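A short write-up of the structure that comes next.
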Amino acid sequence: MDALNSREQQEFQRVVEQKQMKDFMRLYSNLVERCFSDCVNDFTSSKLTSKEQTCIMRCSEKFLKHSERVGQRFQEQNAALNQSMGR
């Protein structure tokens, strides 16, 4: 980053922020699709049943914890790789 001028740093930051937003939207979309498919089975009412609500809460918590754990492992692997390369 130090080798970039101010304009290049701003452009780099913009690209990083766009990628982060895209990744967040993909995560959210996957969460909604998976939990809805797994938990919502009754389409006779426009409201969720208490069983469906509970299922969605558990599903989303589990999904987010899993995503967080994967992110942590990725950071650990990246740090180990950087350390082994002498960075």
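Glycine is no exception: its Cβ is also placed from the backbone N, Cα and C atoms.
Note that the structure is a prediction, hence the values are computed from the model and not measured.
As written in Swiss-Prot, here are the features:
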DISULFID  C35-C59  disulfide bond
DISULFID  C39-C55  disulfide bond
MOTIF     35-59  motif 'Twin CX3C motif'
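Predicted-model confidence for the motif 'Twin CX3C motif' (35-59) is 95, expressed as mean pLDDT.
The C-beta environment of C35 (disulfide bond), restricted to residues of the same chain at least 6 apart in sequence and closer than 8 Å, consists of C55, I56, C59, S60, F63. Note: C39 (disulfide bond) has non-local neighbours E52, C55, I56, C59, i.e. same-chain residues 6+ apart with C-beta under 8 A of its own C-beta.
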